[in-house]
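Database features, via TrEMBL:
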- N13, N65, G75, N76, N170, E188, R189, G199, T200: substrate binding site (BINDING)
- C74: active site, proton donor (ACT_SITE)
- C74: active site (ACT_SITE)
- C198: active site, proton acceptor (ACT_SITE)
Amino acid sequence: MKGHFYKYQGTGNDFVVIDNRSLEFDKSNSKNIAKLCNRRFGIGADGLILLEKHATLDFKMVYFNADGNESSMCGNGGRCIVAFAKFLGVIGNETTFEAIDGVHKAEIDDDVVKLQMQDVSIIQTFENHQFLDTGSPHHVELVENLIDFDVKANGAKIRYGKPYDEEGSNVNFVKQISSDKFAVRTYERGVEDETLSCGTGVTAVALAMHKSGKTTSNKVILETQGGDLSITFKENNEVYTNIWLIGPATQVFKGEVEW
Ligand SMILES: N[C@@H](CCC[C@H](N)C(=O)O)C(=O)O
């Protein structure tokens with residue numbers, strides 16, 4: 001069967017996006033999802049996102065990693081699906097939708113999408129890194145030479161190592177640029193490679209850097225390989241609320257594909 005797809009990107013984190021309000025797309029066929037995401041045998045993407053109907057909210061987001069498995073929250077994907085919902089006429093400039101980690105609010109202004117993330121109250125601190133869940137699990141580690149750092153090799157070692165094991169974690173390598181700006185390179189679980197940007201990853205980095213005192217700002221700029229994102233938040237007694245991930249989300253092309 002042939003179906004329509006759209007390709008979106010948010011700071012270079014790219015996604016196949018499908019309107020599945022008719023529920024025609026077979027979500028159980030993980031081989032097919034992996035093939036659609038394959039950069040040689042398919043469309044090519046870091047993940048695939050379905051927009052589905054929701055009983056009470058504007059829509060539901062269903063997210064799969066490039067390996068074909070449904071996964072935890074994708075922040076850049078969340079921003080892209082909001083842009084797609086606006087494109088389809090499902091929403092206006094504001095929305096409330098459901099994703100795997102709960103309900104999200106979002107606002108859209110031209111191609112800039114502001115996505116509210118879930119509150120974070122637990123940030124674990126270890127000798128060389130921090131670990132937190134911002135909808136997806138994230139290991140955050142400062143490194144000296146980020147430009148020449150081998151993100152794929154070092155990320156894979158951490159992702160498959162203890163304590164993460166099979167379930168794994170996304171891994172963010174970070175270098176401070178100024179009092180409120182950090183460069184980030186992320187190894188993504190489920191893509192099993194470095195991606196150009198990770199929304200839940202930069203959210204984790206901003207909160208982790210605030211918690212460790214590297215920044216005192218409530219607005220943090222994150223420089224990814226695919227462009228800048230910003231995170232704003234409130235903090236009270238080390239509980240982070242009102243967290244917003246802000247940046248561009250763009251439709252790149254559309255087409256028809258066999259699935
Ligand atoms: N690219 C994402 C994160 C997607 C989920 C991740 N690969 C996982 O399985 O945890 C983002 O922008 O947040």
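Here the Cβ of each residue, glycine as well, is placed from N, Cα and C on the backbone.
Feature map: TrEMBL annotations on the structure.
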residue : record                       : DSSP (3 states)
N13     : substrate binding site       : strand
C74     : active site, proton donor    : coil
N170    : substrate binding site       : strand
R189    : substrate binding site       : coil
C198    : active site, proton acceptor : coil
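Within 10 Å of the C-beta of the residue listed as 'active site, proton donor' there are 30 other C-beta atoms, taking all protein chains into account.
Apart from N13, N65, G75, N76, N170, E188, R189, G199, T200, the substrate site neighbourhood in this chain, defined by C-beta within 8 angstroms of the site C-beta centre, holds D46, G47, C74, G77, S136, T186, T195, C198, G201.
Residue environment of G75 (substrate binding site) contains 28 other Cβ atoms, counted within 10 Å of its Cβ in all protein chains.
Annotation: C198, T200 are the recorded positions among R189, C198, T200 whose CA atoms are within 10 angstroms of the CA of the residue listed as 'active site, proton donor'. The 10 Å shell around the Cβ of T200 (substrate binding site) contains 29 further Cβ atoms across the protein chains shown. Annotation: N13 carries the greatest number of neighbouring Cβ atoms among the binding-site residues N13, N170 [cut-off 10 Å, Cβ to Cβ].
A gap of 11 Å separates the Cα atoms of R189 (substrate binding site) and the residue listed as 'active site, proton acceptor'.
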